[in-house]
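Enquirer: Handing you a structure now.
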Amino acid sequence: MAVVIRLLGLPFIAGPVDIRHFFTGLTIPDGGVHIIGGEIGEAFIIFATDEDARRAISRSGGFIKDSSVELFLSSKAEMQKTIEMKRTDRVGRGRPGSGTSGVDSLSNFIESVKEEASNSGYGSSINQDAGFHTNGTGHGNLRPRKTRPLKAENPYLFLRGLPYLVNEDDVRVFFSGLCVDGVIFLKHHDGRNNGDAIVKFASCVDASGGLKCHRSFMGSRFIEVMQGSEQQWIEFGGNAVKEGDVLRRSEEHSPPRGINDRHFRKRSHSKSPRRTRSRSPLGFYVHLKNLSLSIDERDLRNFFRGTDLTDEQIRFLYKDENRTRYAFVMFKTLKDYNTALSLHKTVLQYRPVHIDPISRKQMLKFIARYEKKRSGSLERDRPGHVSQKYSQEGNSGQKLCIYIRNFPFDVTKVEVQKFFADFLLAEDDIYLLYDDKGVGLGEALVKFKSEEQAMKAERLNRRRFLGTEVLLRLISEAQIQEFGVNFSVMSSEKMQARSQSRERGDHSHLFDSKDPPIYSVGAFENFRHQLEDLRQLDNFKHPQRDFRQPDRHPPEDFRHSSEDFRFPPEDFRHSPEDFRRPREEDFRRPSEEDFRRPWEEDFRRPPEDDFRHPREEDWRRPLEEDWRRPLEEDFRRSPTEDFRQLPEEDFRQPPEEDLRWLPEEDFRRPPEEDWRRPPEEDFRRPLQGEWRRPPEDDFRRPPEEDFRHSPEEDFRQSPQEHFRRPPQEHFRRPPPEHFRRPPPEHFRRPPPEHFRRPPPEHFRRPPPEHFRRPPPEHFRRPPQEHFRRPPQEHFRRSREEDFRHPPDEDFRGPPDEDFRHPPDEDFRSPQEEDFRCPSDEDFRQLPEEDLREAPEEDPRLPDNFRPPGEDFRSPPDDFRSHRPFVNFGRPEGGKFDFGKHNMGSFPEGRFMPDPKINCGSGRVTPIKIMNLPFKANVNEILDFFHGYRIIPDSVSIQYNEQGLPTGEAIVAMINYNEAMAAIKDLNDRPVGPRKVKLTLL
C-alpha cells in the first residue's frame, strides 16, 4: 500500500535526485517525488510500503543540501489538493481567502480533505474532537462548521494545531496586519502547551480576517482557525468587556496594515479600559502544586523574580488546620503571568513545582471547598465545642506514620532504623507486626515527629533493602489503631522502666511481667530473649569464661569451681579423686594464686572454705604429716601475730621444701606423662628441663602411693560413681595413668630395636632381589588376559601430572624408604595406625609368603591392625603401581584433604587412584565433578547426589591460585560400587545451567 509523506524545509536548489539520495535504501516508485516548493520548501514523497514510510519518518531532522528537513504523514488527497492550489496560484488567483472564490475553494478543499481522511486509514486533526482541554477537562463543542462563515460573530477565534513551543509573538506574526488584543495558550495538566489557543481581536472585522488564515502554515504546521466565544475566553482566564466596547471599536477605522499593532493596542486600551462584569480586580491566576511545606511568601517572591508580586497576591491552601502543598498566585499583568507559566516544573526547595493556569471561578470554588471545612473546624475549636472525639479525629488526621511492607520476616528494629538512617528514630517509634504464632510478617509501623518528616520518608518507597523491595505507605494514627497499635497510649515511664530492667538483666521482671511487650521488641522477639537468658544460665560454666553478660553475677556457689553443678561441696573437700579430676584445670589456678600473690591471702580464711589450697598442700607434703594442726593453732592467734610470724616460720620454709624439691617428684613427672600439652603452655617453663632428669624410681612410685593408695586409706567418703559418670574425665585422667606409663617403656625402648634393626634387614634384602628378577614371572602367572589391559591405563597414568610414582620409581628404587618411617609413625602418632603401619601400600610390594607371615611374627602390632585383603594379594593389581596413602581423615577445617588447602590437584607423594584398578568394593572411592557452575556450593552438590551414599564432609570444591572456583569438586563415596552407580546415573545431569561430568579418581 502506497503511503504519502509530506516534506518541509526543502532548499530551493534541491531536486528529486537529492530527495531520492536522502531516502537511500527505501523504495520510492517512479514518479513518487512531487516538489511543491514555496517559502516553506514543501514536497510530497510516495513510498511503496508502510515499512518504508515508517523508516522514512524516522529520518526527520536530517539534512538535504545543508538544510534541515521535517517529515510528516500525509495522504494522496492532501497532496492532490495542494498541487491544485499551487497551480491556481500560478494562474494568478492570489492568496486563498483574498476573495469569495478563494473562500469557496478553501471550503471545498476542507470538505474534500475531511472526506478523504474519513476514508483513509490515517486520522486527521479535523475529524477529531474539536473541544479543547485544560487540566484534563473538555469545554464546549468547537467542531468546525461545514459551511465556514464569511464574517466573525465575535472578536474571539480558536486556534488548533499550534507548535508546542509557540509564543504570543508567533501568533501575532501569523495574523500579521490584524490587531490582536490578547492570546491565551491552553495547557495540559502538567503545564505543557497542548497546541490550542484562544485569540482575542480588537474587532469583529479583524476576527473575520483571521478566519481567512485557516489551514495556513505556522512553521511546519497547518493551523486550524475556528470561531470562538466570549464564554470560553472568560473561562480560561480572560477578562470580559462591556457590550459597547466592541461596537465602539467596530465603528473606529482600522489602522493601515503597516501600522504597528502593539501601538494600536496601547491606544485602544487607553480609550476603552477593560472592566469585569463582577467588578472584581483585574488579574491572572495560577495554581501552584507540589510545594514544600516549609516555604513562605518570601520564597515565592524570590521564585517569581522579575514580577510585581506582593504577599497579598499569594494564598496558601489549608485543610484541617494543616497546610497543603497547593497555593494560588494572582498576577496583575499578562507579562508576569506568562513569566510565571514559563517556570513550570522548576525546582523549588528540592521539589519540582507544577504551575497551571486557572480561572478565577475555579479558584474560588477550590478555596470555598477548603475554607468551609476549615471554618467548621474553627467553630469546633471555640470554648465549649471541644470534644474528645474531635481531638482524636484531629490527631488521627495527621499522617505521621508509615506502614512498611515486604521486609524480611526476621527483620529487627535496628535494621528498620538503618533503613531510615536519615531520620532520628527511637526504638519506641517502631512497631514490628507478628502473626498469631509469633512469626514475623515482614511488616512494621513507624511513627515520625512531624508530617513533613513522614512525607520525606515516603520517598524511600520501593527502595531495595536486605534483598527485597520495601513498600511504604503514609497513614494516619486512626489507621494505625486498626492494627491494634496506639503509640499515644504507650507510657514512656513504663517503657523506661522496662528498658532499665532489661539493661540490668532482671530475669524475674522479664518472666513475671504480664504487660504486653510494647517496646523495642515484639511479643515473639521478647520471648526469644527470655529463652536466650535461660540458656545462658543453664550452660553456665565459669563466670569469667562462658557467662556472656558480665553484669549478671551468679550465686556464690557457682564461683568456686566449674564442677559445682556435678558435685556438692562436701564431696570436693574430702575426695582425693576430685583433686585428681580438676587437676588439669585447677592445678594451674592455685599455682598462679599461691606463688604470685602475697602469701597472707591463704590465711585470711580457713582452709575448709577454700578447698583449692588444701589440695596443693596435700600434694606437697607427705601423707604422714597432718598439715591441719599448725593452721588451727595459727588461726587461734591474733591477726598481728599471724601476719608477723607465719611468713617467717611456716611460709618461707615450707615453700622452699614444697616448691623446689617435692614438686619435682610429685607434680612434674605425673603431668609429664598424663598432661603432656598443658605443662608446655603452663607455668614454670624454665623448669621444664627437670622433667627429663628424674630417675625411673620416682617416675613409678609417686603415682602408686599418691594416686592409688590414698583414695582407699584417707578418702573413703567419695563414691566411685562420680568418677565413672563423666566419660571425658574417665578417659583423660585415669586411662592415661594406666595406659601411657607402660607404653613408653614398652614402645620407646623395644620397638626401635625390634623394628629398626631386624625388619629393615628382613625387608631390604628379599624385596630388591624379588622384584628385580622374578616379578615378571611371578606376577604374570595367574590371568594373562587381565594383565594385558592394565598396561594401557598404566601408560595413561604415566602421562598425567598427578601420578608422581610411575612403576620405574616403585620397583627400581630401594623399598627401604617405605619401611623405615611407617614403624616410627605407627607408635609416635597412634591416630594413623590403620593407614601408616606396614599396611596395604607397603605389603603390595612383598611376596605372598611375607604378607602372610609378617603379622604372625610381630605380636606388637596394634590391635586394630588387619592384614590386607585378597584384593591387594592379587598379582595383577599389585604389579600395576604403588598406591600411596590418600588421607580421608577429618582435618581441622572439617573437610576432607584432597590437596594443599583444597587448591588444585593432589600434592606430591600422593596420586589419584585409577578408576579401573580393582581396589575393592568396600573402600572409600573419590569422584571428580567437572563443569560445575562457579557459584555452586556444598549443599547443591549434596542435593545432586541425593539417594547415594556419599560422605557428607568429603565435598571439596577446587579453587585456583587466585582463590576463585575452577568449576570442579571432589566427593567421596563409601564404596566403589556406589561410586560407579552414581557415575552411571548422574553423568551429564544438570547442576543449575550446566551439565556436569563425573569421573573416578
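From the backbone N, Cα and C atoms, a Cβ is placed for every residue, glycine too.
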Enquirer: For the set Ser101, Ser561, Ser798, say which residue Swiss-Prot annotates with phosphoserine.
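Expert: The candidate carrying the phosphoserine note in Swiss-Prot is Ser101.
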Enquirer: Going by what Swiss-Prot says, which of Ser120, Ser250, Ser391, Ser396 is noted as phosphoserine?
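Expert: In Swiss-Prot, Ser250 carries the phosphoserine label; others show none in the record.
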Enquirer: Pick from Ser270, Ser377: which one does Swiss-Prot list as phosphoserine?
Expert: Ser377
Enquirer: Quickly, which of Lys146, Lys266, Lys541 does Swiss-Prot have down as SUMO2 cross-link? Just give the residue.
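Expert: Per Swiss-Prot, the residue annotated as SUMO2 cross-link is Lys541.
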Enquirer: Swiss-Prot tags one of Lys389, Lys895, Lys900 as SUMO2 cross-link; which one?
Expert: Lys895
Enquirer: Counting Cβ atoms within 10 Å across all protein chains shown, which of the modified residues Ser292, Ser294 comes out on top?
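Expert: Of the modified residues Ser292, Ser294, the highest Cβ count within 10 Å belongs to Ser292.
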Enquirer: Would you mind reading off the Cα separation of Lys335 (SUMO2 cross-link) from Ser292 (phosphoserine), to the nearest angstrom?
Expert: 26
Enquirer: Counting Cβ atoms within 10 Å across all protein chains shown, which of the recorded sites Lys151, Lys335 comes out on top?
Expert: Lys335
Enquirer: Given Ser292 (phosphoserine) and Lys151 (SUMO2 cross-link), what distance in Å do their CA atoms have, once rounded to a whole number?
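Expert: A Cα-Cα distance of 50 Å.
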Enquirer: In whole Å, how far does the CA atom of Lys151 (SUMO2 cross-link) lie from that of Ser294 (phosphoserine)?
Expert: 54
